[in-house]
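Going by TrEMBL, these are the annotated features:
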- Gly12, Pro13, Thr14, Ala15, Ser16, Gly17, Lys18, Thr19: ATP binding site (BINDING)
- Thr14, Ala15, Ser16, Gly17, Lys18, Thr19: substrate binding site (BINDING)
- 37-40: region 'Interaction with substrate tRNA' (REGION)
- Thr106: site 'Interaction with substrate tRNA' (SITE)
- Arg129: site 'Interaction with substrate tRNA' (SITE)
Amino acid sequence: MNKKTPLLVILGPTASGKTHLATRVAHEIGGEILSADSRQVYRQMDIGTGKDLSEYVVDGKNIPYHLINIRDAGEQYNVNDFQHDFATAYREVVARERIPVVCGGTGFYIYALLKGHANDTVPVNAPLRESLENQTTEQLLERFRQSDSPYHAFADTSTRKRLIRALEIAAFLDEHPQHQIQFGTKEPVYPAIIFGLDPPVETRRQKISGRLAARLKQGLTEEVQGLLDQGITPDQLIYYGLEYKYVTHYLTGEMDYGEMYAKLETEIHRFAKRQMTFFRKMEKDGLKINWIPDEWPEAQKIAFIVRHYREFKSIREGSM
């Protein structure tokens, strides 16, 4: 493991400018982007997931990217899939003697690369499982999203079975707060230096609101309608959350446009806050994040990241 080329990780909440900065860093350092975004893996889900593929051209040069558009819309994808796909992409990038630049806001995925993922041994709760089986998948998802359990950030809810197990573990932790979540280490743990973007809250809120309005003008509603027209069910789209959940509710007549817009805007703001909470949790777990001052000009941010990555990589190579 100590011979692995280290990852250059750029993380941050939604609308923080991660992709823009990461592609320019990759251009400067000779890197390729490995996306750590749980929804950008899906084809035909472009506007709602904010792929911004135009950002992957810098000074007329295409920046290679991985783990984007690798699954069909309607499928489910989880952290185990991500770890497997990431390992393949990582090997390809390193074989080309390129720098693996990880960019994304799905903290759980990044955490899984660096620490492994939750592999807890909570006992089965048969009565709870029986009661949960009587609820719809949407009801189960909503119940889990509203949970304040520390397990919320680590759970795999990609299937109904896993969702019920996640609720079971969350309930156990509520009753046994002293119980510590254990993490498996069977998957590769990559060496990495992490850089974080954290714009001021008001700046972030303005960007989120402006971006939502822009995406709706760009055809977000039409994108979701097109997925429905292809036979993807409302429940499948609701599973993806945020834009796909609330626009689906609007298109199926469960909300009017104003309700959809207001609720979606609120939920994206909450989502960004949860992302930052998870990043702080990563720090508490020993993962150092080098936060980049928002007021720095772009050139200074790029120079800082490139310099510190090269120093980190050189120190590791010197210690081998």
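Here the Cβ of each residue, glycine as well, is placed from N, Cα and C on the backbone.
Apart from the site residues Thr14, Ala15, Ser16, Gly17, Lys18, Thr19, the chain places the Cβ of Gly12, Pro13, His20, Gly50, Gly105, Leu197, Lys207 no farther than 8 Å from the centroid of the site's Cβ atoms, the recorded substrate location. Those residues of the chain, other than Gly12, Pro13, Thr14, Ala15, Ser16, Gly17, Lys18, Thr19, with a C-beta within 8 angstroms of the mean position of the ATP site C-beta atoms are Gly105, Leu197, Pro199.
Of the listed recorded positions, namely Lys18, Arg129, the sparsest CB environment within 10 A is found at Arg129. Of the listed binding-site residues, namely Pro13, Gly17, the sparsest CB environment within 10 A is found at Gly17. Of the listed recorded positions Ser16, Thr19, Thr106, the Cβ environment within 10 Å is emptiest of other Cβ atoms at Thr106. Mean per-residue pLDDT, taken over the region 'Interaction with substrate tRNA' (37-40), amounts to 96. Take the CB of Ala15 (ATP binding site) and look out to 10 A: across all protein chains shown you find 23 other CB atoms. The candidate set comprises the binding-site residues Gly12, Thr14. Of these, Gly12 has the most other Cβ atoms within 10 Å.
The DSSP secondary structure for Lys18 (ATP binding site) is helix.
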